[in-house]
Structure formats: structure tokens, C-alpha cells
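Enquirer: What TrEMBL shows for this protein is this:
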- B:1-16: signal peptide (SIGNAL)
- B:17-340: domain 'Sulfatase N-terminal' (DOMAIN)
- B:Asp24, B:Asp25, B:Cys64, B:Asp274, B:Asn275: Ca(2+) binding site (BINDING)
- B:Cys64: active site, nucleophile (ACT_SITE)
- B:Cys64: 3-oxoalanine (Cys) (MOD_RES)
- B:His127: active site (ACT_SITE)
- B:Asn189: N-linked glycosylation site (CARBOHYD)
There are 2 protein chains.
Amino acid sequence: PLCLCWALSPAAAATANIVLLLMDDMGWGDLGAFGEPSKETPNLDQMAAEGMLFLDFYTASPLCSPSRAALLTGRLPVRNGFYTTNGHARNAYTPQDIVGGIPDSELLLPELLKKAGYTNKIIGKWHLGHRPQFHPLRHGFDEWFGSPNCHFGPYDSTERPNIPVYRDWEMAGRYYEDFKIDLKTGEANLTQLYLQEALDFISKQQASQQPFFLYWAIDATHAPVYASKQFLGTSQRGLYGDAVREIDDSVGKILKHLQQLGISENTFVFFTSDNGAALISAPKQGGSNGPFLCGKQTTFEGGMREPAIAWWPGHIPAGGVSHQLGSVMDLFSTSLSLAGLQPPSDRQIDGIDLLPVILQGKLIDRPIFYYRGNELMAVRAGLYKAHYWTWSNSWEEHGKGIDFCPGQSVAGVTTHTQEEHTHLPLLFHLGRDPGEKYPLSFASEEYQRAVEHISGLVQQHKATLVPGQPQLNVCDQAVMNWSPPGCEKLGKCLKAPESDPKKCSWPH
Amino acid sequence: PLCLCWALSPAAAATANIVLLLMDDMGWGDLGAFGEPSKETPNLDQMAAEGMLFLDFYTASPLCSPSRAALLTGRLPVRNGFYTTNGHARNAYTPQDIVGGIPDSELLLPELLKKAGYTNKIIGKWHLGHRPQFHPLRHGFDEWFGSPNCHFGPYDSTERPNIPVYRDWEMAGRYYEDFKIDLKTGEANLTQLYLQEALDFISKQQASQQPFFLYWAIDATHAPVYASKQFLGTSQRGLYGDAVREIDDSVGKILKHLQQLGISENTFVFFTSDNGAALISAPKQGGSNGPFLCGKQTTFEGGMREPAIAWWPGHIPAGGVSHQLGSVMDLFSTSLSLAGLQPPSDRQIDGIDLLPVILQGKLIDRPIFYYRGNELMAVRAGLYKAHYWTWSNSWEEHGKGIDFCPGQSVAGVTTHTQEEHTHLPLLFHLGRDPGEKYPLSFASEEYQRAVEHISGLVQQHKATLVPGQPQLNVCDQAVMNWSPPGCEKLGKCLKAPESDPKKCSWPH
């Protein structure tokens, strides 16, 4: 009987449902629990109070596509191919004309979860490539409601196509046409659609008693920001805040739904964001990175430190706070662990299993690597962060008003030329100086000791690094979403131009 | 009998004890509950969870002495005399050689509380003048343990005296001599002394069943920052964080003591700070203003928005959050209300009674005036803040490395010359833009409407303003703490130089 208990306990964990709530361009400082001065996120704050707050949680890239590819593969973008070699240290993503996408050789979380009997659904933004071979249902997801790319324009589908919204294999319509976003008022009911999809999926899975993985990757806080009519004008923070309030309300409804169905104790929920707030879109369409330096597109804390909350009633002690250095890639390993699966052993996995942290309060010693494109810009170990390269953006882009660090300027740190510091890295103590304003003196003993340690980690990391084939080098107008599958049923097929592959241009 | 009930109910409130916990140079962003990334203030966070968090609470001056004079008089420094006319818009305080202090004509909170039978104690920093006529026991306090000025050096009492520490009427010793602060390690047991004083006073008052007012104005977070041995090295944030942890621990002990004595439901406790974090002392000796602009000495949000928590079990609903625009001056009026007293009617009182806010969740429409010395620099009404003058500090001071906005620079806002905007104020929406980075367009309807409203408030304010006699104009080496009362018993009397009164120099 004792053996039976031992066998039951992991088995119970092995069927835990997994819900990842991934925000788009939401910053560390956007939630009340993280110090946003309007404190308008009661449901997320409650989620944190009932679960565990991660204060030192990171994305794997300061830009959306690589971050999401890292989350779903458990691997750094430089390994899984979500980077470019067209320029040094350039952020690249999957716009409409991108030719590449997630390689078949990569093993995605939903593919692996299938082996444990999970049903997998993605709601919202995929962003791992939009050509047929990259379709999420070819990479382990069973269901999809959402879009392959960001909800950018052209807003009229004449010169180039509006982004499609898919239901499973086929498009269900297009943004700005069938799925309206009023750019003037910011009104759109999309978060409500994504919420309903989530609630329905959860209900269906609960009824079928099949374990599930729900990847809720909504995009209301990515410019152009939107909210439903009932939330418009309800925030102190303007439209961006309205979107956050709607998301907060939706998360509350999802958690309540799990509780009402009686499956909250068997469902692990994690909330985080894909990269720091897009300060370039602030104040009207951008969020907050709290006390941190710069934002999206940069490898300063504002670009890569994320709000993060784990929730799992009955398993995670309420009111927990963790300083574990965490990463979106850990959600890959942690989810596998929840499913009773081992991570693949034939490749380097960068994520770690956070369950010992979450359930037993352990702290696991591990570094955080801050990549920008093909360059390792910075490394954090413990409270120290060493910058090997610094760059905000070019003077040229900055001169055009593109500012990743508005109102912030730290001499020699927020540089507008790519500055190499590989021989003498800039070192910050993130406890005393979370805002990365005061580099430690090169001559200090503290500097010597910390840099020696971090340099060892870098050496080790680089020695074993096998970069993947870069997927984000080639762009071609012909591959845009002219005629996604299902377009003919809707009369929404557009004619693609001739193929004309080019090197993509990545200015940042 | 119904009449009796009516009579009893206010009487019960009329004897509520009052504890004001006033921090020194602690910033809005220094507590976990306000988003400090190390989240090392469990007791204060718990106090907030059990009480009410004020997110829009302000000091009356970005510098210590005027802020404290405002708190204790309920009046703006420009009214109570705690300002200078030696220069335009200059911050002034009470250093050792200041001749002025709190005028006898001002009515201080403890003087008024005496009428309701309160015993009043100040523990820590007085800062309202150190010459005999300004002694706190001449202005309503019954007991004092602490110092009249900041705990600056000279650290050896040769060229000029070290600051005395008083017990009631007489000095008990001097900082750096009898009350040690190790400037090298930051070790000092002063917070423990101040804690024990508080606990003892509370016990004594509880035993005597006399209502009390305890003003706990400790200074561990003011440079030179210090902490007791048991707290040194315990924070992620360095010495400053050690000091915060010790204070957090002490606040926890004070609240627990009230609970254990069974008087927590009859004791109103309020926690706040005298001004924003001193970024000039960061990162080793300065705190955090979270997402706000600049710090101490400035009239940007970082200089004047304060952490604030009200706690009163059984009266304040747990977990409350208020966006009431509050001020340290409200603590004067609120305390009087708690004592069943009316504020003086023979003078302008700037504080308001916050009890309707705290107990009934009301929101009272009132502006916040941001003064720097003799100038009204800015005004907040609702979510709008209009700057009539901008100034961080002079180019000359900035060139010497004195930086009130390290790493921050907003063109036309963080100016190094005093810039007048009285005809066309700079307007910010603090909900969408808490960091004061994006002035609204002068041409917008929103600007016109908000500025018209605020300008009306300014006109009204200025029309009725009667400035007090400025107290901070004259300095004299002869008035320093050479021979405080009681020095002879300790053999610590020093010889004062000849009187040589001069205009004080206020560079900021």
C-alpha cells in the first residue's frame, strides 16, 4: 500500500493540465502586484496572492517570435533557428514576408505532451512562421484559434493582405475585415473571443477527462492596442490600461472557471509575457517596465525581465515569492515534468524544471543569457549582470524618433552604437541597482570576482553552443498571407506577386 | 438611551491612539507592496494587506525639515515659515547653523492633542529647529528620544559639534560618540534603540490607559545609512536594503505589540516618508522612487510621491487601496479628527481629514501643491499635473556630479536652468504617463480643459495665500549644537565661536 501511494502521487501530477497565459509586450511593471501605480489588476494580484510571484523571470529574447519559439522548444533562439545573421546583434521576427519558421527538427512542447495523452490548443498568436509547413497543427497543437502574425495593418488588404485569423487548419477571416479593430477608438472584441475559446476548450476537456495544454497567447497589449467596448475608458492608464483591465478580468474568469469545474487543483497555470513593454509605443500604446532600464528590443532589464505568476491551488502555497532566476524556456521543461515526461536527450535544452522551486521553495543556481539576434549581449548570475555588448538602437533610428529608452540615458550603457565590452564587461549589481545605472568599478574586488565567475559560464556556454540554421534571414513578398487555406470559401484569396526573395532588413 | 449610544460612539473614536511612522528619504518604490523588485518588506506588505494602501500620497516639500513642519502643523511650508527667500525656488532645511525654527505662533499637532488628554512622544528626528525655543517639549511633545538635526558628521566633533541625541529636555550624548554609527560598515544599533523606546512608551501608555500620540521619526534610511549588526548583509539591496529590512522588522514588532496589548483596534497607525528617495546617494545609500521621475529635492513625482499605508484593525477594511490624493498635512487633520478635535479656525489649514476616505472609501476632490521653497512649481488635480516651473538642479551643481535624476533626462522637463512655464504650463497625465515623460500637446482640447481647471485652482490658492515669515534665511556658526542643555553633565560642552549671522546658502 505504501508502494501504491508512491506510485499514485507522481501519477496524479502526471496528468496535471497546463495553462500558459502569455501576454504580448506586457512589461514587468504593468501589474498592481509588481507596483503599477494605478493598481488596476485585482484578478492578477489575487492570482499572485494565491500562488507564487516570480520577481526574476526572463524571456529568451527581447522580441516576440524568438521569445515564443524559445518557450515552445525550451531552447535559446540561437539554437532553434529563430534569429538572423543578416546583421550583428539584430532582433528579427516573423513578419508577413518571412520565408522561414520553426524547423521540423525542433520538438515543440505540444508534440511531446501528445505522448502523455494531452490535447493541445493554441489561442491567439503563433508567430513561429505562417507558411504551410509551420502551421501549429503540424507542430503538436490539436486546435488553433488565432493568427500567425502580429495584428499589424495594412488595415485595408489592398497593397498587402491583412493578417488572417485561423480556426484550426483554415482561416476564419482577417483582422480589420472579419475581426475588426477600430484603430480610432481602440475598440475590438477579440479578447472576449479569445476568452470564450479558452472557457469552451476547458469545459470540453473537463467533460472528456482528457488532460490538456492551453496556450493562451493573446495580443491586446501589442500595438495597435485594443479593448472591448465595456472596458474602453475604464482605466486611469488610457487605452493600454483598458486592454490590461480586460485581460485581468479574463484571467479572473479563466481561473474561476477552473475552480467551478473542480479542476483547479489539477491545473497548473502560469502567467507571463513575451518581452518587455514596448516603450516606443508609450504612453498611449505601451506599458511599463517599472524601475527597469529601457524596454522591448533591448537586453537591458526592461527588455527582458517579465511579470510572472504561478498558480496551482492545493500545490503552490499561497503568497509565495521566488527570486529564482527563471526563463520562459523553463515553461517547456516544467510542463514536461508536470506531464511526467522527460525532456528530449538528443539536444541541448536551456529550460529547467521549476517544480522544485514552485513546490518546495528551492533555489536552483543557473545563469540567464541575454541574446539579441546572433550575439550574447549579457549574462546574469546571481545578482550580477555582465554586459558584453551594449546597444539601444542606432543614431539613425534614434534620430527618426525611435526610442527604446525614452527619458532614460545612462552614459556608456544605453549606447547608440554597438559597443563591445567583451574584454572588460560592464557589471551591475541588480539588487542594489535594478535600473542598471551604476556600473561597478573595474578595479574593485567585487568586479573581479563576479566577472571571473560569469566569464567561466560564458566560456562553457559558448564551447558547447551549436547554433541552429538561422530562419529569419530571407524575406519574400510572395510568401505573405495572400491566400491562406480556406480563403476560397470566404472569397478572401488575394493574388500573390512573383517570388522575389531578399535578405530581410533588420534595423534593430 | 439612543442619545447615549450616539454620544458614546464618537467618544470611543475620540480616544484612539495615534502612531505616525515617518521614514527618512524612503521612496515610493522602496516597499515590496509598491513594487520593489527584491520584495524584502514582509511586515510592511502585511500591514498594507491588513490596512489601506495610498498610491497617490504626497509630501508637502521634497526636503526633510519643511516636510516635517508641514506634517506637524497641517500647513504648507510657505505658510508655516519653513522656507527661504534667499533665492528663488530653493530647498532649505535646518542644518546645525540655522537660526530659525518652528515659530511659536504655529500650532503643532501634539499641542492640540494635549487638549484631548493625549500624551505625546517624539522618537527620532525633530528637524524643526534646535535652538532652545524650538525644543519639541516646548511645542506639545511630552517626551523625546532622538536628535534635532540629521545625523551628518563632522564625525569627530572637533571643527564643529556632532549632532546631539536628546532624552526629553537634555542631551543624552552625541552621534558618532555615544551613539555610534560605523561609517565603514554602516553598523549602528540606533533603530533598535528607537524601536525599544516605542515599545516601552506604548506599554507605559497602555498601562496608564491614557491616549497617546507616538511620532516615530527614525532616520536609518537617510545617508549615512545604517543598520544593526544582525541586519547587515541580509538584503539583496546592500546597506540601504539592510536598513529597510530592519525598519520593516521594527514596524512588524510595533504592530504586534499593539495587538498583544489588546489596543490595536484603538490605535490608528500611518506609515509614510518625508520626501522621495535621495537618488544623489544611490545606489549605496539611496532608495527607489519606482517608476517615477527624479527624486528628493525635486518637484517631480519621484521627489514628492510617498509610500503610505493606514492600519487600524477593526476599522479599516483589510486590503484597501485608495487613489485619494493625500498629503502628509492630512495626518494633522486626520489625527485631530481621531481625537475628536476640530482643526484651528484662525488660520489656513491645508490638510484634510482622511477618515471618510479610510473608513468609508470616499474620494475627496482636492489638489496637490508642489512647492520648492517660495515657488509653487506644480499642481496636481485628478490625474493631471501642471508644471509652472521646472528645475532639477543647476548646471554648476550637476557638473560637480550632483544628480537628482541619475540616468533620467526628459528634454524640457528635467531642466538644469529654472524654466518658467506659468503662461503655458507643461501638462502630464499621471495615469497614462506616471513617469512625466510625455507632456501633452498645448493644442489639444484635453490640455486646454485640464489647464483651465488647474489654473483656476492656482488663482484661488494664490489669492488667499499669506506667506509666513521665512525661517530658513539666516545661518550662524554660533547657534550650532556646541553646548546643548545637559552637556555639562556629560562633559560634552564645546565652545561656540562668535556670532556671525549670514544669509544661508541654498544651492538647490
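Using N, Cα and C of the backbone, Cβ positions are placed for all residues, glycine too.
Just so you know, TrEMBL annotations never went through curation; they're auto-generated.
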Enquirer: Of all the binding-site residues given, B:Asp24, B:Asp25, B:Asn275, which residue's CB has the most CB neighbours within 10 A?
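Expert: By the 10 Å Cβ neighbour count, B:Asn275 comes out on top.
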Enquirer: If I restrict to non-local contacts, at least six residues apart, and a C-beta distance under 8 angstroms, what lies near B:Cys64 (Ca(2+) binding site) in its own chain?
Expert: B:Asp24, B:Asp25, B:Tyr93, B:Lys125, B:His127, B:Cys150, B:His222, B:Asp274, B:Asn275
Enquirer: Enumerate the residues of the same chain, B:Asp24, B:Asp25, B:Cys64, B:Asp274, B:Asn275 excluded, that satisfy the criterion Cβ within 8 A of the mean position of the Cβ atoms of the recorded Ca(2+) site; list them in sequence order.
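Expert: Near the Ca(2+) site, the remaining chain residues are B:Met23, B:Met26, B:Leu63, B:Ser67, B:His222, B:Ser273, B:Ala278, B:Lys296.
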Enquirer: Got a sec? Which of these recorded positions, B:His127, B:Asn189, has the most Cβ atoms within 10 Å?
Expert: B:His127
Enquirer: Per DSSP, to which secondary structure element type does B:Asn189 (N-linked glycosylation site) belong, with helix, strand and coil as the options?
Expert: coil
